[in-house]
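Okay, structure first, notes after.
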Amino acid sequence: MHEGAIAQSVVEVLRDIKDQNGLLSITSATLKIGAISGVVVDALLFAFEAIQKEEDFIKDTKLNIIYVNVKARCSICGKTFEFDNTDDLVMICPDCQMPLAIINGKELEIVDVEGQ
Amino acid sequence: MKRIVVEKKILEKNDDIANSIRNLLDKNHIFSLNVMSSPGAGKTTLIERIVEALKPEYKIAAIDGDLDTQRDAQRIAALGIEAVQINTSGTCHLDSSMVQKALNDISLDLDLLIIENVGNLVCPASFYLGTHKNAVLISTPEGDDKVKKYPTMFNVADVVLINKMDIAQFVNFNVEKVENEIKELNPNAIIFKISAIKNEGLSEFINWIKKNIELLKHQ
């Protein structure tokens with residue numbers, strides 16, 4: 001479970017934002033997590049909760065998660081394909097039989113933060 | 001209350017260090033390979049075979065990641081190359097700062113750097129180390145259902161090696177199914193079927209490494 005390390009990185013980014021913007025605490029943060037980022041959302045939230053107990057400035061932070069499905073584009077015909085389920089991933093264009101390029105689904109990002 | 005638009009990668013610090021590792025490797029014309037698999041798939045044995053095959057022609061070093069012990073680095077060092085062990089003491093993957101630290105102990109007069117990641121098909125896939133290529137190993141006794149279970153890992157692979165082919169028939173491993181699933185998930189991945197322990201099927205993979213070393217040497 002590497003979500004502990006990911007949660008720690010989230011906290012470090014939040015700490016930088018707090019310091020750079022003269023905030024005392026972070027009330028909420030929105031994260032984008034891609035379906036093939038390798039991160040399990042529940043495990044990340046669990047790990048974040050554990051760190052919250054030790055850090056005052058994130059004690060009341062609410063994490064909002066935007067889960068991003070895998071989306072891929074064919075470089076030949078330009079058609080895009082979205083996959084609701086990672087079990088169904090097929091990275092080949094059904095029309096052109098060429099590899100698809102991933103455009104979404106690998107995200108591990110902090111989108112925005114609210115603080116005071 | 002203040003709202004701040006951030007749009008930052010969570011692993012930005014890891015990626016920054018990884019990019020500086022990549023620059024260092026490029027500057028020194030060192031081709032680097034990140035070898036990943038579950039525990040026991042044969043990473044260390046594969047690396048031994050690579051070293052045996054390429055040591056007469058090229059200067060090689062290895063970084064071995066494990067939770068504990070010096071065993072892997074000792075096995076690789078026994079072949080007469082420089083091998084540095086990283087003990088992650090509980091962490092299930094290597095990150096770029098660990099590799100950066102290990103690189104301080106290695107002479108950069110090299111052609112090839114092999115990084116043996118911690119045995120794990122999940123976590124190492126999320127951490128870019130700055131290496132040029134990812135080699136993912138899957139071994140036949142693990143079962144032929146693994147590719148779709150670990151889409152992130154097989155998606156980041158440049159090369160997939162199906163290891164322990166010598167016992168595939170005894171463990172009901174459907175190699176065709178696995179190859180098809182890899183192609184579906186990652187059509188750009190190159191697949192090699194090997195037995196590292198018997199040194200079978202490795203010549204094409206070794207040639208692929210050589211080609212990459214030469215490409216980088218002349219850049």
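Sequential numbering from 1, following the chain as shown.
In case you wondered, yes, glycine gets a Cβ from its N, Cα and C as well.
In TrEMBL, annotation is done automatically, which means it is predicted and not curated.
TrEMBL lists A:H2 with the feature Ni(2+) binding site. For the recorded site, A:H2 (Ni(2+) binding site), the DSSP three-state label reads coil.
Within 10 Å of the C-beta atom of A:C96 (Zn(2+) binding site) sit 14 other C-beta atoms, taking all shown protein chains into account. Taken from TrEMBL, the feature Zn(2+) binding site covers A:C74, A:C77, A:C93, A:C96.
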Residues that sit under 8 angstroms from A:C93 (Zn(2+) binding site) by C-beta distance, when 6+ apart in the chain: A:C74, A:I76, A:C77, A:K79, A:F81, A:P99, A:L100
Statement: CB-CB under 8 A to chain B: among binding-site residues A:H2, A:C74, A:C77, A:C93, A:C96, passing residues in order are A:H2
Message: Quiz question: given the binding-site residues A:C74, A:C77, which has the greatest number of C-beta atoms lying within 10 angstroms of its own C-beta?
response: A:C74
- prompt: If one measures from the C-alpha of A:C96 (Zn(2+) binding site) to the C-alpha of A:H2 (Ni(2+) binding site), what distance in angstrom results, rounded to a whole number?
  reply: 37
